[in-house]
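Quick one: structure below, then a few questions.
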Amino acid sequence: MEKPKFKTVQEVVAAGEGLPERYLPKRTGDGEGEPLNASVPEMDIPAIDLSILLSSSEAGREELSKLHLALSTWGVVQVMNHGIEEAFLDKIYKLTKQFFALPTEEKQKYAREIDNIQGYGNDMILSDDQVLDWIDRLYLTTYPEDQRQLQFWPQLPTGFKETLHEYTMKQRPMIEQFFKAMARSLELEDHCFLEMHGTMMETRFNMYPPCPRPDIIIGAKPHGDGSAFTLLLPDKDVEGLQFLKDGKWYKPPIVLIEFSLDRHL
């Protein structure tokens, strides 16, 4: 199958090519393409205790009320007591960084095909004048298992495939709990969102190489995710994620896990 013709951002950086024009945002007059402002206010979003969220206790009802308020205002919540050990999440961080640090020739074994979103590389190029994001990514369907395209699952670093499978299985009960809680917060049947959205899960690993002009270049352009919700595992050491609310951008706290509905990122 044909592979995309564009270099990854890591290749651009390694070649010392500076800042190719394809990454320069167009000035539109509405603020897009203008210098970026990293000094934005922090979001005031609650931390939801997933361990008691579905409890019939008073504490559980309070958590459900917090969830309803957060999703109806911000569309984003922090999640605590989710059952995934911090040591395991650290392992995911480590393996992700090890993958993107592999030689280009090794990573290219898993390069996406030109008409396939899955695999390693950059996002799909839909037009000749498309402004490219300063980002490399590995995008994989992880569930159901029979939908996995394993030819794109890296063999290296050692343990990557097995850890991703384990991470997927650990996420499933979290997602089911969250769907049920969303339904209860709206006084709907517990399984209505599960039945509506099914069990499809996709995982995307993002790499933002050092940029010569971080004041104007966007790692990932503003967008709304097409999924029912997004489980975000941000880098604990690097800021950059922002959410749009009422025409203003806000940064979230650096947390282990966030749930995000279809808000602009």
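Cβ coordinates are placed from backbone N, Cα and C, and glycine is handled just like the others.
Annotations in TrEMBL come from automatic prediction, not curation.
Pasting the feature list from TrEMBL:
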| type | residues | note |
| --- | --- | --- |
| REGION | 20-39 | region 'Disordered' |
| COMPBIAS | 20-30 | compositional bias 'Basic and acidic residues' |
| DOMAIN | 45-155 | domain 'Non-haem dioxygenase N-terminal' |
| DOMAIN | 204-251 | domain 'Isopenicillin N synthase-like Fe(2+) 2OG dioxygenase' |
In the domain 'Isopenicillin N synthase-like Fe(2+) 2OG dioxygenase' (204-251), how many residues does DSSP call helix, how many strand, and how many coil?
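Taking the domain 'Isopenicillin N synthase-like Fe(2+) 2OG dioxygenase' (204-251) as a whole: 0 helix, 15 strand, 33 coil.
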Sort the residues of the domain 'Non-haem dioxygenase N-terminal' (45-155) into helix, strand and coil with DSSP and give the three counts.
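In the domain 'Non-haem dioxygenase N-terminal' (45-155), the DSSP-based counts are 44 helix, 20 strand, 47 coil.
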Per-residue pLDDT averaged over the domain 'Non-haem dioxygenase N-terminal' (45-155) comes to what?
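A mean pLDDT of 91 is what the predicted model shows over the domain 'Non-haem dioxygenase N-terminal' (45-155).
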